[in-house]
Amino acid sequence: MLDINLLRKDLPSAIARLETRKSPQTFLNVEAFQTLEAERKAVQIRTEELQGQRGTLSKQIGQLKSKGEDASAVMALVSHSKAELESSAKRLEQIQTEMQALLLAVPNLPHDSVPQGIGEAGNVEVRKWSPFEGLGGEPAALSFEPRDHVDVGQPLGLDFELGTKLTGSRFTVMKGPLARLHRALSQFMLDVQTAEHGYTECYVPYIVNSDSLRGTGQLPKFEEDLFAARKGGQEGQAENAALYLIPTSEVPLTNFVRDEVVPEAQLPLKFTAHTPCFRSEAGSYGRDTRGMIRQHQFDKVEMVQVVHPEKSYEALEAMTGHAEVILQKLGLPYRVMLLCTGDMGFGATKTYDLEVWLPAQSTYREISSVSNCEAFQARRLQARFKNAQGKNEFVHTLNGSGLAVGRTLVAVLENYQRADGGVDIPAVLQPYMGGMTTLSLPAA
């Protein structure tokens, strides 16, 4: 959520920065904001006047009583003043609720270093990497016609038909050594992020409440993208509250600090978790219908950092590097893209996407997204730290994939495929595979 004081101080500047997101929709209802703000000021002024009057009248009552004089008329004025004060306080609370509802639908302001643009076409390539020397980061061509991960994976245990039978479209079943390779990828990612990059591994619920999703920005704006595990009952009844399957473990991990004041000495907090993620993919009808690229259920190793505000952009670069290390150790060609204003997520101020090379498509596809949210989530979460002056200040939060496990499997199948139909197992994964070096086609 944006800092309301920033909007009060310089609304035109904030609107101009929001407009760089190049969205056809209007993010902030300026008229509604200005109307509420004007009423808030008027009610606030009247409240302060009433409080002053009440104090003056209370003194008069004391003086009259000390003289033995009748104070009933003044007491009646105090009673009336009290009723009006209560009414004003109630209206101020209502205004605050209405203002919060207005601001919850407004995305974060892009950082000044983010290029302006619309969609993927406006993104800027930062760097490329590949394991092949002398190619300037470009991928090397296979010596045979590459097959996509569906054609490579199905003979090895990738079963889309069974996933559809069990649940529906965009679900997958994996069997045998292929399922083990999928598991090996997640274990390898966790080991690197914990042992080499200092993240604390966490096990988290796969179901969260609406407060958690509101804190990280999925609610109220993106409810259609979520799978509801339980519809909400009557307000105020916790046992009947709405529950949702997590779209990413960013949600529970970031909510560790909701309503907390973290000692400054404990920053940064670095968390990682391997979880399934559940997304309805609303608005993605007809996109990536073949294979594992876009699924309703997929696994991901997530990285979350909670940092001092002065350190968040340093942390963004470091976290991007933490995701890159996974791809480098796997020997997968990739590129890093700086997202433009029109392609960034709702809560981000700046985002890097890592895109892995898929030879069958002869293109790069997103495999990780790493974002700095500054205080946007922290303000919704009321996540703070106590600074050197003893004052509470909002932390900055960052999140990123380290990596999407299914898409990494796709990249391994395509980049390590062999002409005989098998798949070479990357060297770093072989210890997790009991020493296996190859996924071979089953004997006829």
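From the backbone N, Cα and C atoms, a Cβ is placed for every residue, glycine too.
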Listed alongside Thr248, Ser249, Glu250, Glu302 for L-serine in Swiss-Prot, from Ser143, Ser169, Ser369, Ser401, is Ser401
State which of the following binding-site residues has the fewest other Cβ atoms within 10 Å around its Cβ: Thr248, Ser249, Ser280, Ser368, Ser369.
Ser280
Euclidean distance between Cα atoms of Glu366 (ATP binding site) and Glu302 (L-serine binding site), Å
15
Which one is it: of the binding-site residues Arg279, Glu281, Ser369, whose Cα lies the shortest distance from the Cα of Thr248 (L-serine binding site)?
Arg279
Would you say which of the binding-site residues Glu281, Glu302 has the most Cβ atoms within 10 Å of its own Cβ?
Glu302
